[in-house]
Amino acid sequence: MALYEYVTQEQLAGFDKYKYSAVDTNPLSVYVMHPFWNFVVKFLPTWLAPNLITFTGFMFLVLNFLMLAFFDFDFTASAAGHEHVPSWVWVAAGIFNFLAYTLDGVDGKQARRTNSSTPLGELFDHGLDSWACIFFVATVYSIFGRGESGVGVATLYYILWVVLFSFILSHWEKYNTGILFLPWGYDISQVTISFVYLVTAVVGVETWYQPILWHLLYRDIFTFMIIACSFTVTLPMSLYNVLKAHRSNSLKHDSFYEAFLPFLSPVLFFVLSTTWVVFSPSNILEVQPRIFYLMVGTAFANVTCKLIVCQMSNTRCQPLSWLLLPMALVVLLAVTGVVANETMLLYVWTIAVILAHIHYGVSVVQQLSNHFNIKAFSLKKPNAD
């Protein structure tokens, strides 16, 4: 039995009818990475479960996050006058990031190779991807840090939200069109950042202090590329694909309200967390940026996972996440000063959000494993033991 049955019977019936449909037009992915992944997957043993590959790749990103948290907890290590992150850490970060990216690319190929493709595998993959956003962004932030030539913690906070909304856009598209349009930015960013980590190990973080052109710094290019890619490529393409489906009468949700319903909870989370940032008595984002980012990224991942369940099972997205209520209470306690120790409140709430998300994930995996009579991390059938 699952810890708790989050997936309804209607959704389980929808999973039974589910067929994977995706479009990947990125030249880097189609002509470089897919041939590479096809080569790599041949070396994997056929008894290795695809979900185990997915989870291992995700843990490499978590390891990067924890490793940089140890050497650069408050994102000041890259600033002038501070003890910098050791070069070997950047080498490890580059290798781990590329390994995570590679494993994320071969898990589906391993599933098809072993004839073990299931809706659970896709849900598990995309669910972990949604949580990986925060670990990836926070680790990259340590390259520039929050020094004079770095990126301010408030700026990074809004960049994080841009990344999170860019991620959910793809699943919003699929919720409305039934097709997952894989974003170009993902493959390019993974390869680029893996390379940048290795370059940083060789040339040092001081290199990123220098202007690339006139007074334009590398941090400005970093910020511009993320925002520009989101607003000039990701968002327009998502809207275009949904409007195209609407014109061809293939849109799954006809009304404007139903089509945009998946954005309600994420927007409310953004409003609540930004209210905390702006009105925090102790300037909590300056004091505890890493923990605040982790809280935001985990809460957002929880909302995204529920959307993925709905789009895969072809069921209606719920308007509000239950996490919004305690989040609103926490923000109220923080900004009004009722709880004097704001840092402690943030830590307690972050732990609660992480535990709630893990509980949700484990419960859903157990429930779907039972429903499909499979093991999540083994190719053996449960009754084959």
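Keep in mind that glycine also has a Cβ here, set from the backbone N, Cα and C atoms.
If you check TrEMBL, you get these features:
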- 52-73: transmembrane segment (TRANSMEM)
- 85-103: transmembrane segment (TRANSMEM)
- 123-144: transmembrane segment (TRANSMEM)
- 150-170: transmembrane segment (TRANSMEM)
- 221-243: transmembrane segment (TRANSMEM)
- 255-279: transmembrane segment (TRANSMEM)
- 291-309: transmembrane segment (TRANSMEM)
- 321-340: transmembrane segment (TRANSMEM)
- 346-365: transmembrane segment (TRANSMEM)
Range from 52-73, 85-103, 221-243, 291-309 with the greatest count of C-beta pairs under 8 A to the transmembrane segment (346-365): 291-309
The transmembrane segment (150-170) in contact with the transmembrane segment (255-279), cutoff 8 A, at least 3 CB pairs, sep 6+: yes
Of 85-103, 123-144, 291-309, whichever stretch has the most CB pairs under 8 A to the transmembrane segment (255-279): 291-309
Close approaches to the transmembrane segment (321-340) from elsewhere in its chain (Cβ under 8 angstroms; 6 or more beyond its ends): 265, 268-269, 272-273, 275-276, 279-281, 284, 299, 302-303, 306, 346, 349, 352-353, 356
Residue numbers, six or more beyond the limits of the transmembrane segment (85-103), whose CB comes under 8 Å of its CB atoms: 36-37, 40, 53-54, 56-58, 60-61, 63-64, 67-68, 71-72, 77-78, 132, 136, 139, 142, 190-191, 193-198, 200-202, 204-205
